[in-house]
Amino acid sequence: QYFSVTFLTGTPGVGKTTLGKELASRSGLKYVNVGDLAKEGQLYDGYDEEYDCPILDEDRVVDELENQMKEGGVIVDYHGCDFFPERWFHIVFVLRTDNSELYKRLETRGYNEKKLQDNIQCEIFQVLYEEAMASYKEEIVHQLASNKPEDLENNINQILKWIEQWIKDHSS
Ligand code: DAT
């Protein structure tokens, strides 16, 4: 049974994890956090001193996820998207958050000033949106506002409707 795969991306702090977990619990789809997966499997290739974080071993991450993606029924969460195979995802949602709100969220996380500024810049220059548009067919890439709790509720409902429609369209 072929089944839909949804991809949530965006700058760290925009709400991918919150949305992904809630979606999974309401839809029965499985939530996959690529950052956590890499951590558990130590799928790293060195350490980035400037950004103070491990460097993802992209090939090993892709190998690790391949079977699960073929099975489908998955919601994937990651703040990068240019290294996943294009065939994996049926729809891509880029979450977007206003600067002042994002700043507050990242400050709460205890990010240092450089990391804060880098992430805010990433959001201002819509790096993840551009990356998603360059990596997947434009018509499957959608932006969703993720500033307040009502947005979360709206986004869940919209994505659930999309998944339902996708399954209908592909079940014959
Ligand atoms: P990400 O997984 O993109 O890094 P997250 O899900 O951990 O982001 O969310 C970061 C913080 O923002 C967290 O404290 C929850 C909060 N948040 C997420 N979505 C929100 C929304 N729609 N409205 C208000 N706060 C939200």
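Here the Cβ of each residue, glycine as well, is placed from N, Cα and C on the backbone.
TrEMBL does not curate its annotations; it predicts them automatically.
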Given ranges 33-56, 81-104, 129-152, the stretch to which TrEMBL attaches the annotation region 'NMPbind':
33-56
According to TrEMBL, Gly13, Gly15, Lys16, Thr17, Thr18, Lys148 bind ATP; identify which of Arg26, Arg109 is listed for that same site.
Arg109
Fewest Cβ neighbours within 10 Å, where candidates are the binding-site residues Gly13, Gly15:
Gly15
